[in-house]
């Protein structure tokens, strides 16, 4: 925002200084304003942690000194810091004096007559309370305090001195301002004053203990202004509304007196661990999942295939019979393939109704098995026992699934009774009658 005027006594914005090896920052940023009554430059000290950072503002250099690094070491190749000059108009003498500390410069075209601190004679066109027309309306550059009077090429004398009467006027102005400063300090609030700027540059000042900046994606930055981190220090904490994400803080230095704070987010390992624990606690109540594949042997023609149970129906029959995640392959074969498999693995030279090839459990707890049903044998048994073909297929599939999970009716009568009772209960849930009656 460009200012068109400035009231007497108002602080002039600090100009940005280009320093070798450092990027040039944008002018008139609030972090570049001088601090304190002596207009010293500020240095930013950063104390980071996991998701928080403490930024402390400290004085860097006094007015008129050479540029220094953050450690306070003077830089040999840098130019003196250009500080804003205090403008004092001495109406009594009709001159405009530019002060840097206590040093002022005379800008009148008249030769200096400061010997004995005598006041110069005002120009002929001077009127009290106005600036003489012969005085250029620009500021003269301020030399170092140790400068001595010298003759300029134009023949004019540019004298650097301290005028008692002008200094008296300055002291009067300072005394009036000091009384206002004393009253302001007496009414100083307990917490820092927060200035908010809108898009048009208008400022609104409030007294606040904390400030939070919320972003659209759930990230936020909390600024602690209570002073608990120390004088002229602000603690900044990054937060995120999503518990699965952990807020982070990234610092990007721009200049010796400014730093950019960026809020980020990454995966929260604690949240992932808690979610895994919750999943483990809920695992017993979770329905087991079935990965089912259906195959047909070479002896099964298209007409017979259409009469066999479909994959969806087979899955509905097997789901109540599995107690953990399972990966089953159901294969319908003819008499020749059924006989070959039974002879190869059980050393029995005939085809049987169902063969179960259990491969045990995988490391992740999934039961893997193949269930082979011989269609001619199943159809023959259904006719002989007076059962429907669908009910008999359902019973044999449940029987083979229990075998795959470790149940065995051939180990003894007790194991056989347990397995039969389980089969009856599962088939009853599916709507089928007791197969052993």
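Indices start at 1 and increase along the chain as displayed.
Using N, Cα and C of the backbone, Cβ positions are placed for all residues, glycine too.
Pulled from Swiss-Prot:
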type	residues	note
REGION	1-172	region 'Unknown'
REGION	64-158	region 'Disordered'
COMPBIAS	131-140	compositional bias 'Low complexity'
REGION	173-437	region 'Endoribonuclease YbeY'
BINDING	399, 403, 409	Zn(2+) binding site
Additional residues around Zn(2+), ordered along the sequence, whose Cβ is within 8 Å of the centroid of 399, 403, 409: 356, 400, 402, 407, 408, 419, 423
Cβ-Cβ neighbours of residue 399 (Zn(2+) binding site) (radius 10 Å): 23
Same chain, 6+ residues apart, C-beta under 8 Å of the C-beta of residue 403 (Zn(2+) binding site), given in sequence order: 356, 358, 369
